[in-house]
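The active site, nucleophile annotation in Swiss-Prot covers Asp51 and rests on sequence analysis. Residues annotated as substrate binding site in Swiss-Prot, with sequence analysis given as evidence: Tyr109.
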Amino acid sequence: MRIALGIEYDGSGYFGWQRQAEVDSVQGQLERALSIVANEPIGLFCAGRTDAGVHATGQVVHFDTNAIRNEGAWTLGVNANLPDNIAVRWVKEVDDSFHARFSATARRYRYVIYNHSFRPGILRHGVSHYHGNIDADKMHQAAQVLLGEQDFTSFRAVQCQSKTPFRNVHCVNVTRQGMYVIVDIAANAFLHHMVRNIVGSLLEIGLGNQPLTWMGDLLALKDRNQAAATAKPHGLYLVDVTYPEQYQLPKLALGPLFMLD
């Protein structure tokens with residue numbers, strides 16, 4: 001039996017999604033909880049591996065099991081065995097053709113900037129604080145050059161293991177909600193650190209340090225060293241993963257919960 005789960009988590013206390021020896025990871029905690037409920041070892045596959053400090057409201061995973069449980073038993077049982085900063089949002093049995101990573105047709109991230117003179121207290125791990133005067137409209141305008149299938153070498157991490165730097169960005173929007181600036185971006189897939197590297201460069205434009213045309217210049221240069229520093233991890237959320245309709249996976253509010261949808 002193959003089971004898909006929708007997961008949300010606060011990534012600030014973990015060394016990323018991927019299971020690693022001797023450090024705490026989201027995957028490790030989920031596999032431990034699932035193995036208790038299934039009464040057998042469980043291995044997980046995810047839609048997107050998030051880095052240390054990065055959060056998710058719409059992560060999707062799947063696993064195979066011999067255990068027979070109803071959806072409520074999986075949800076309640078796993079949540080009861082998880083730490084408070086990880087939660088199962090939904091459970092659905094899927095056919096064997098489904099794969100959390102390879103069946104996905106798009107991923108969507110939101111990067112939340114707290115734009116204020118002083119740092120936040122309550123949301124300090126859920127937003128990235130930048131105190132300069134950020135022009136979100138300029139960031140949005142500059143970001144439109146990223147649309148379509150392009151070579152994103154200038155925005156990939158040096159350690160990125162992808163065989164190709166080409167990705168297809170479906171949409172990118174930058175909006176302001178009071179003190180928050182939100183970068184909302186969807187693509188077929190993302191390179192390692194791609195979203196945070198894009199945000200870092202857009203911030204340079206929003207702060208007035210670079211012209212509107214800079215994003216296009218960076219794309220053409222195909223040189224990571226010419227782009228801005230990688231934006232902080234705390235403001236980044238994996239909010240949605242798109243799959244073919246045949247799987248009929250649940251659709252929930254994207255989040256994060258303190259943002260307007």
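Placed from the backbone N, Cα and C atoms, the Cβ positions cover glycine too.
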Checklist entry - Does anything in the same chain, at least 6 positions from the residue listed as 'substrate binding site', have a Cβ under 8 Å from its Cβ, and if so what? => result Asp184, Ile185, Ala186, Phe190, Val195, Leu236, Tyr237, Leu238, Val239
Checklist entry - Per DSSP, Asp51 (active site, nucleophile) is which: helix, strand or coil? => result coil
Next on the checklist: I want to check the contact list for Asp51 (active site, nucleophile): same chain, sequence separation of six or more, C-beta distance under 8 angstroms. What comes out?
Outcome noted: Gly11, Gly16, Trp17, His193, Pro233
